[in-house]
Amino acid sequence: MMEVNSTCLDCRTPGTIRTEQDAQDSASQGLTSALAVVLIFTIVVDVLGNILVILSVLRNKKLQNAGNLFVVSLSIADLVVAVYPYPVILIAIFQNGWTLGNIHCQISGFLMGLSVIGSVFNITAIAINRYCYICHSLRYDKLYNQRSTWCYLGLTWILTIIAIVPNFFVGSLQYDPRIFSCTFAQTVSSSYTITVVVVHFIVPLSVVTFCYLRIWVLVIQVKHRVRQDFKQKLTQTDLRNFLTMFVVFVLFAVCWAPLNFIGLAVAINPFHVAPKIPEWLFVLSYFMAYFNSCLNAVIYGVLNQNFRKEYKRILMSLLTPRLLFLDTSRGGTEGLKSKPSPAVTNNNQADMLGEARSLWLSRRNGAKMVIIIRPRKAQIAIIHQIFWPQSSWATCRQDTKITGEEDGCRELCKDGISQR
């Protein structure tokens with residue numbers, strides 16, 4: 001009986017091993033597929049979103065200020081990983097290993113580090129800019145004039161390059177098969193890993209935390225009228241801009257904190273801590289960090305009204321590159337109309353098409369207006385106004401930065417419209 005049981009156990013053991021191995025392989029394939037899906041989604045949103053951010057600032061003069069210069073810089077840093085490192089990681093995932101050679105591995109690791117550190121330092125620069133704008137408003141124009149702002153931006157990227165160069169001398173850029181990436185190896189040098197975490201993560205985030213805490217304190221004091229001596233009036237736009245960048249900071253900290261704290265723990269006691277870290281947690285911490293690069297552009301669109309409006313204009317211009325017809329004659333947006341205005345005759349239609357960026361229809365107090373926006377001269381011309389029951393022509397022109405908001409157009413022309 002003992003021999004039979006022993007024989008049966010011997011017969012079942014290989015099958016059990018194969019079953020466990022098959023389960024592990026299946027789980028590994030499922031995890032790999034999930035990582036590929038997450039990375040593809042991140043690349044698409046990263047590229048489209050950050051291009052929208054850059055185009056929005058370039059197109060809209062309302063967004064062209066010192067603070068948004070660092071926002072564009074942050075978008076460029078986020079774009080870097082989507083253009084090269086993430087695609088080669090995808091290749092490694094599909095090939096189930098690194099097949100591109102050591103040169104591509106080093107380039108990918110360098111650009112990955114450049115993007116990450118550039119993002120950290122740009123977020124820090126944005127926080128300092130917001131702090132100076134709100135807490136030291138009287139000196140802000142001197143601190144952030146055009147020349148000094150470009151100097152700050154250049155300094156940000158110089159520090160970024162200086163911070164990433166030591167990786168080549170330490171030899172810490174290596175391929176890690178668990179995450180299919182050529183990245184910073186946490187176990188190469190404990191002292192260097194601790195230095196990286198402190199300089200690249202803890203110190204910048206401490207500076208950002210200090211800046212935003214001071215802003216929050218000031219906002220609360222002004223709101224409850226504790227600071228009667230505060231000269232600048234905090235507008236809702238200022239508060240929304242501050243809130244937007246604060247959310248950017250919080251999400252960055254949340255996405256990157258697990259990876260940095262794991263690296264710090266491993267560096268302090270590598271032989272004891274490293275074997276105890278589950279592989280799924282290690283992989284999750286990396287892909288959380290990777291995912292962060294696509295979030296900022298989404299945050300701007302959700303929380304910042306100016307960016308959201310410019311996103312819509314850019315996307316609409318892709319659908320109707322010559323004219324956009326927005327009908328709000330019934331008090332709400334009904335959609336885009338692809339029909340020309342009845343005011344546009346055969347004689348002047350070509351000229352209007354040539355200089356018009358978009359066509360906006362609205363009705364207010366029984367009047368229907370067609371507004372042509374001229375992007376080159378930033379002018380608004382109300383070329384047709386129909387009153388019920390009678391019709392009349394009216395024109396109003398003025399150099400302005402208004403870009404089509406209904407309230408702005410009403411203010412522009414309410415004081416007097418010259419009859420043709």
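Using the three backbone atoms N, Cα and C, a Cβ is placed for every residue, glycine included.
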Disulphide bridge to CYS182 as given by Swiss-Prot, partner from CYS105, CYS132, CYS255: CYS105
Swiss-Prot: matching membrane side for ASN60 and THR320: yes
Among the ranges 35-55, 74-94, 153-173, the one whose Cβ pairs under 8 Å to the transmembrane segment (280-303) are most numerous: 35-55
DSSP residue counts for the topological domain 'Cytoplasmic' (56-73), split into helix, strand and coil: 15 helix, 0 strand, 3 coil
For the transmembrane segment (193-213), distant same-chain residues with Cβ under 8 A (at least six beyond the ends): 116-117, 120-121, 123-124, 127-128, 130-131, 163, 184, 186-187, 242, 246, 249, 253, 256, 260, 263-264, 266-268
Beyond the flanks of the topological domain 'Extracellular' (267-279) by 6 or more, those residues with Cβ under 8 Å of it: 178, 186-187, 190-191, 193-194, 197
Cβ-Cβ under 8 Å with the topological domain 'Cytoplasmic' (56-73): same-chain residues at least 6 beyond its ends: 118, 122, 125-126, 129-130, 133, 144, 149-150, 152-153, 156-157, 241, 245, 300, 306-307, 310-311, 313-314, 378, 401, 403
Residue among the disulfide-bonded residues CYS105, CYS182 whose Cβ has the most other Cβ atoms within 10 Å: CYS182
CYS105 (disulfide bond) in three-state DSSP notation: helix
